[in-house]
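S.K.: Handing you this structure, nothing more for now.
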């Protein structure tokens, strides 16, 4: 009833004390047969992530104007596109940087020191182009959860690259973590805001059922958007860490989403010499920098080298999974990542041209275990 030939798809966020039942009662009052279960018949899909609730639907302009004037509506956004954060290059990269305090030197031994728990028992959901589950590096640890593109097959390998630095046996930080494939981007590397919100809603519900340690990696970027930030913040408030890309425009990350979402862990890129990558976004919304230039990872047919803040987000996500596998909950894992990160390694001239930018670089504490009751140590 709300959709017409001129309708456009919107994502609508409710205020905290408003719910879907009230929305239906008010906006569908002329249809006595309408209820929440029947919304899908008119192209409207509700979502609920903790206190973050709302609907996705095709609405005409006059209806959206009514929403804007409704005090029960918190935010409205067109169902905009997000794009993958990737810069393609062809050279290798190693994990050594995350397990030593000093920057890498040519000719040195590239050892990766880590706790053998390796993120075991932790579920990592990756919102991307899909993960190629047949890659031997994943050792049967990939589970396909959803495909919001309806393409079926993985048409581009971006998600496989990101999953590789999260949890592959050779290139991953958390080598024993479980990977959950949530395909949101299509063959052109694009997705819709509604798909990302729906995916976050699904993961929120899944985590309540499984009760397993869970985190989310989102290597996607769009201009700053209140609805997307609200969805991410709601997931974080449920205790699920969300690790995101800073973006590849060489600009202030606070102008982008979900990089600017409160509580998200936003990762920018540095190179071998701890220089901020020219493409990496920067600013106060970037929580940590990680390798993002010529990073070796899993491809669909062998090893590849890729660049971009997507890879940096994957490494940071792997580190959160790594700490959760050692006994931390989600909040503790993020706090430990920030605490352990190396400060002062990024050259000062890099920071002068990038105001309010953190100098933190990802570091795992060289495999230091969680010396607490969960490890059986008083």
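Glycine too: its Cβ is placed from the backbone N, Cα and C atoms.
The shown structure was predicted, so the numbers you read here are calculated from the model rather than taken from an experiment.
Per TrEMBL, the features are:
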type	residues	note
DOMAIN	121-331	domain 'Peptidase S8/S53'
ACT_SITE	128	active site, charge relay system
ACT_SITE	158	active site, charge relay system
ACT_SITE	310	active site, charge relay system
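Just tell me what is around each of these and how deep it sits.
M.R.: Each residue in the domain 'Peptidase S8/S53' (121-331) has a pLDDT score, and their mean in this model is 96.
Other C-beta atoms found within 10 angstroms of the C-beta of residue 128 (active site, charge relay system) number 30, with every protein chain shown included.
In the three-state DSSP reading, residue 310 (active site, charge relay system) counts as helix.
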S.K.: If you run the three-state DSSP split on residue 128 (active site, charge relay system), which class comes out?
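M.R.: Going by the DSSP assignment, residue 128 (active site, charge relay system) falls within a strand, counted as strand.
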S.K.: Between residue 310 (active site, charge relay system) and residue 128 (active site, charge relay system), find the distance joining the two CA atoms and give it rounded to the nearest Å.
M.R.: 10
S.K.: I want to verify one value. Collapsing DSSP to three states, which class is residue 158 (active site, charge relay system)?
M.R.: helix
